[in-house]
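See structure below.
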Amino acid sequence: MKNQITNAISDFFFEYETPRQVLVRNRRVGVVCRIIQLGVLAYIIGWVFIYEKGYQSTDIAVGSVFTKMKGVGYSSMNGTERIWDVADYVFPSQGDASFVVMTNYIITEGQKMGKCPELHGKHNCSSSADCEGGSFKRQMTGECVNETKTCQVLAWCPVEDDLVIPDPPMLMSAENYTLFIKNSVTFPLFGVSRSNLVEGIDAGYISKCLYHPESAPLCPIFRLGDIVKQSGFNFETIATVGGAIGIVVDWTCNFDVAVTHCKPKYTFHGLYGNPAETDKARASVGYNFRYAKHYMEDKIQKRTLLKVFGIRFDIIVQSLARKFDIIPTLTAIGSGVGIFGVATVVCDLVLLYLLPKRAFYKNMKFKYTDTHTQK
Amino acid sequence: MKNQITNAISDFFFEYETPRQVLVRNRRVGVVCRIIQLGVLAYIIGWVFIYEKGYQSTDIAVGSVFTKMKGVGYSSMNGTERIWDVADYVFPSQGDASFVVMTNYIITEGQKMGKCPELHGKHNCSSSADCEGGSFKRQMTGECVNETKTCQVLAWCPVEDDLVIPDPPMLMSAENYTLFIKNSVTFPLFGVSRSNLVEGIDAGYISKCLYHPESAPLCPIFRLGDIVKQSGFNFETIATVGGAIGIVVDWTCNFDVAVTHCKPKYTFHGLYGNPAETDKARASVGYNFRYAKHYMEDKIQKRTLLKVFGIRFDIIVQSLARKFDIIPTLTAIGSGVGIFGVATVVCDLVLLYLLPKRAFYKNMKFKYTDTHTQK
Amino acid sequence: MKNQITNAISDFFFEYETPRQVLVRNRRVGVVCRIIQLGVLAYIIGWVFIYEKGYQSTDIAVGSVFTKMKGVGYSSMNGTERIWDVADYVFPSQGDASFVVMTNYIITEGQKMGKCPELHGKHNCSSSADCEGGSFKRQMTGECVNETKTCQVLAWCPVEDDLVIPDPPMLMSAENYTLFIKNSVTFPLFGVSRSNLVEGIDAGYISKCLYHPESAPLCPIFRLGDIVKQSGFNFETIATVGGAIGIVVDWTCNFDVAVTHCKPKYTFHGLYGNPAETDKARASVGYNFRYAKHYMEDKIQKRTLLKVFGIRFDIIVQSLARKFDIIPTLTAIGSGVGIFGVATVVCDLVLLYLLPKRAFYKNMKFKYTDTHTQK
């Protein structure tokens, strides 16, 4: 018994099985099959390996973004000059990846809680009967104000008049503001961290550079007017009614070469409200929100309401890193061999069913285990 | 020599190798093997290709979200009526993907920097000896205030009394607020951009629609009460103590069909503080934060402190797009051929080790290179 | 005709083809080939399946994060004691995944719109001629102020003096603040939701625990000093000039075992401004932003400007879940069979081109279809 097992093992190790093959000497079949096989090989090496880099595994990054605006705005309304600095025109102030730069506004000063008539054009009435029933949009008192012919509401009074949007925008000077972006990304699978302040982008360079797609593609300081222009918007239009722009930081990296070649690429595109687009965009042009500054005056709580029109910037980090990995390499090779097998099957079909001498080749290829008549 | 190489190349091109095979005429083996082979084929075509769409590559989107609330709240406390509009109850105001709608609050007005006794129940004392040692939570002065029998602290005075949460909540009217979501996504691999304002969702439709899971699944305007209900919460409970709700915008798209079929699907679920869940959730029920409005009164800096209870909404964009790709297709075919090879190995094992005529088949299949005794 | 088809089908089902093989009894070839084949097998089973878990598909999570700070800061400037609570030192206040804790500040009180001389050192002048031309950074009036020898600007006056950063920082007590993180993640492909308040982390535990890498790795409450230390920073340095720290919540989960084993892991690292790094980091040390509190005094709008230096925390959720899936399993097996085929090809090359008896083996393996001379 033990002897038998030893024999079986030694047989297993000292034997080697290789398939017996028919070597068909036929020009037509030979050329067709070799071309199919070379085609498969070319596909595997050329397409899967070289073009699609099938020997690499991929990873996307986790990252964080910090932004900082610079520049001072200037507005002049009814002879009152006003300066707008970063603390006034950026929302929120702490430098998030998504923020709004105010470019236009409707200001309603000195609002306090009380009862006052609605804006002309909204909730018109001829008598108190028209003002019954509280809408969820406004808290009506049920009275009709004679002077304005509109319903009286309980609200922050006086109510905001936003029927006319200032045009040209109050803060055209926003065009010259600059935006500084700091972005760090980590590819967890490959254990690589990168910052958009890559090699060569030092404090000296940053202090004087300005992003330009060709001449300074790595400078992380952007002029607002340039961003808007490259997104396909007209600055005055977007500054008047507001809009949203995505700044895509694209990290497409190949870690089989030096990590210093992994550099960000900046692109800009409108997110919503691009007037050049079709209906769906027009459905929702502009960007605005309301913001209040509260204060006490003569023991009464008051607020200054700002309807802010502005450009909303979303810094979107997009990443795809690739690196050599043994698993996809061998999977590609292994399935390539499988495709080779398909090529052989195709050639066999030609050989056994299409050639004039097919009966001869069939006989060569197959050996039959019984004495049935050969078809 | 040159002749030899030419010969070798012409041989290579004009020859074709195909494996010699034994055609076993045996019902049992034949049926078993054909069934195994058809099973493998059915798996590859049916499961990998049709069900799992193995011929497609996948991509996830980068996107941006903008939100806008509408509606006016109304509260009445000690006879004082108050209106809460968007600028008052949304934090932050600029329409982020993650924001809080205030539904309840504890207001502490007129706080100023000074020394005052702690709230009853915290840091009780009978003499100054009990108040020694500064805790990092409160800055104690080391004195015990006789009237309240609590330690004196250096703080914004008077200290906030948050022992009792108002119930019912101050702003039950929040149920009728509406939320408008704008979401645009880009699939970088496929170069496709989509917005949740899809074809047919134009300005006219948006102005009058309201989201409903069946009758208006694409309307991007949501009533807060509906969202809370579909998340499985009771509105009054969540409005009183606060809570967090995730609004998932699901982009599961197949770009082998027209891109207009790629539409968002909205679902709602509680993120934390679902009282129906187990211990771990109960560990951390509710959602609140403190917020201060600063002002000057008689040259002294004062603040109004709000402890805000609210519903925090997180718009979570989830995406998975698929499109035909030659690489996964051929990988699937290639490895399918490999699995076919496994089927052949299984059949061979049956043929050579289990059948009664196994010795005969073994002899047919194998040719031996030496004169050892045949087992 | 019908008979023929029936015949063909019955032939197809009752026949079975298996390749004929040469069983080479040769120690050298046998051992070499078996070792190659066992190596391939070991690679497929050991590396692809066991080490790289090639039988699993992967998924990344979507999630949401909520944070809450606790602790009170204390500063003393010119004899004025001041308390800083959460509503004062956290930006933004509502508990976002990305927030700033103020640790140092330069305060400029009582600013109002007006004309005043620039800070000494900026825009020095000897006469009005030096002040011509409005820069976009400052709105100059074109006058030179004699007393300070700097240009006059239209700005919030008096202008901020940020030449000297307070050192030691105003709020060193920030070291003892605590941060509470709530994080919930959902793996959409596997339909699994998890919260960082895992089994065993209940209200009782949270009320008294503090994160420690070894003794309390699951406690979601972190001391700021500990976070800064584990990120490799010196607290006093980062508190003075500001900095950014990433708190990575790592969800690396295997759903083939019980879902309760899926637990978060917290790590901390500096994002920007790590002074220990190379040039690119030094290019951009520190973190600060400007923040204004507006108020009315004697009918004039004024503001208190804060230049906030602080630690910015980014909670970064990193996730990778794995679960058994039939597709990658069979792809791995299928391509493994393909690699096996490559091993056979290598052995055949040895057999047919390197062995002394190669002519003999060639003759055994191949059958020729014509009468050309055998090479």
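A Cβ is built for glycine as well, from the same backbone N, Cα and C atoms used for every other residue.
Database features, via TrEMBL:
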type     : residues                                                    : note
TRANSMEM : A:29-50                                                     : transmembrane segment
BINDING  : A:K68, A:M69, A:K70, A:T178, A:N288, A:F289, A:R290, A:K307 : ATP binding site
DISULFID : A:C116-A:C157                                               : disulfide bond
DISULFID : A:C125-A:C144                                               : disulfide bond
DISULFID : A:C131-A:C151                                               : disulfide bond
CARBOHYD : A:N176                                                      : N-linked glycosylation site
DISULFID : A:C209-A:C219                                               : disulfide bond
DISULFID : A:C253-A:C262                                               : disulfide bond
TRANSMEM : A:332-355                                                   : transmembrane segment
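Structure with TrEMBL features highlighted.
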residue: A:M69; record: ATP binding site; contacts (Cβ under 8 Å, 6+ apart): A:V86, A:Y89, A:V90, A:F99, A:V101, A:Y177, A:T178, A:L179, A:F180
residue: A:C125; record: disulfide bond; contacts (Cβ under 8 Å, 6+ apart): A:C131, A:C144, A:K149, A:T150, A:C151
residue: A:C209; record: disulfide bond; contacts (Cβ under 8 Å, 6+ apart): A:A216, A:C219, A:I221
residue: A:C253; record: disulfide bond; contacts (Cβ under 8 Å, 6+ apart): A:F187, A:V192, A:R194, A:V259, A:H261, A:C262, A:S319, A:L320, A:A321, A:R322
residue: A:N288; record: ATP binding site; contacts (Cβ under 8 Å, 6+ apart): A:V241, A:G242, A:K307, A:V308, A:F309, A:G310
residue: A:R290; record: ATP binding site; contacts (Cβ under 8 Å, 6+ apart): A:E160, A:L305, A:L306, A:K307, A:V308
Chain B contacts from recorded positions A:C131, A:C144, A:F289, A:R290, C-beta within less than 8 angstroms, listed by sequence, come out as A:F289, A:R290
Other C-beta atoms within 10 angstroms of the C-beta of A:F289 (ATP binding site) total 25
With A:K70 (ATP binding site) as reference and a Cα-Cα limit of 10 Å, the qualifying recorded positions from A:C116, A:C157, A:N176 are A:N176
For A:K68 (ATP binding site), the same-chain residues 6+ apart in sequence with C-beta under 8 angstroms from its C-beta are A:G95, A:L179, A:F180, A:K182
Rounded Cα distance, in Å, between A:F289 (ATP binding site) and A:C157 (disulfide bond) is 19
Most Cβ neighbours within 10 Å, among the recorded positions A:N176, A:T178, goes to A:T178
DSSP, reduced to three states, assigns A:C131 (disulfide bond) to helix
Students should find that the recorded positions A:K68, A:C157, A:N176, A:C253 with a Cβ under 8 Å from chain C are A:K68, A:N176
Widest Cα pair spacing in Å over the listed ATP contacts A:K68, A:M69, A:K70, A:T178, A:N288, A:F289, A:R290, A:K307 is 24
Reduced DSSP state (H/G/I helix, E/B strand, rest coil) at A:C219 (disulfide bond) is coil
By a three-class reduction of DSSP, A:C125 (disulfide bond) is assigned coil
A:T178 (ATP binding site) falls, by three-state DSSP, under strand
Here the 10 Å Cβ neighbour count for A:C116 (disulfide bond) comes out at 19
Checking the disulfide-bonded residues A:C131, A:C219 for other Cβ atoms within 10 Å of each Cβ, the smallest tally belongs to A:C219
If you count the other CB atoms within 10 A of the CB of A:K70 (ATP binding site), including all protein chains displayed, you should get 14
Row A:C157 (disulfide bond), column other C-beta within 10 angstroms, all chains, value 17
Across every protein chain in view, the count of C-beta atoms other than its own within 10 A of the C-beta of A:C144 (disulfide bond) is 22
Out of the disulfide-bonded residues A:C151, A:C262, the residue with the smallest number of other Cβ atoms within 10 Å is A:C262
